[in-house]
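For C41-C111, the entry in Swiss-Prot reads disulfide bond, with the evidence type sequence analysis. What Swiss-Prot records for 21-122 is domain 'Ig-like', and it gives sequence analysis as the kind of evidence. If you look up Swiss-Prot, you'll see 52-68 marked as region 'Framework-2'. Among the features that Swiss-Prot reports, region 'Framework-3' is placed at 76-111.
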Amino acid sequence: MAWVSFYLLPFIFSTGLCALPVLTQPPSASALLGASIKLTCTLSSEHSTYTIEWYQQRPGRSPQYIMKVKSDGSHSKGDGIPDRFMGSSSGADRYLTFSNLQSDDEAEYHCGESHTIDGQVG
């Protein structure tokens, strides 16, 4: 029985002069190979309509864009991201769900605020 570990680190990137949101994530998670796992990124309540972006970072590599997740739960994936990666939303929470976990999914996962509110850049 093999486990896959995930390390979660929120970060913020923004180009506007608006107050910055606070993003929180649990520090780590793990699951069995072949299982599913849901990672959570929580926005501060006053920024609950913001869009976030999920990134995967393996040791010694640059972050790889996975997807954007909007407040309505819709998501758009980066090039080459498999169908087993899904995004969703509930209130101020944005989720990244993996199904059929594979050993190469073990990495750090970052969520970042993309400074998009209801489809408009702020």
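Numbering starts at 1 and runs along the chain as it is shown here.
The backbone N, Cα and C atoms fix where each Cβ goes, glycine too.
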The domain 'Ig-like' (21-122) - residue tally per DSSP class, helix then strand then coil: 6 helix, 56 strand, 40 coil
Average model confidence [pLDDT] within the domain 'Ig-like' (21-122): 86
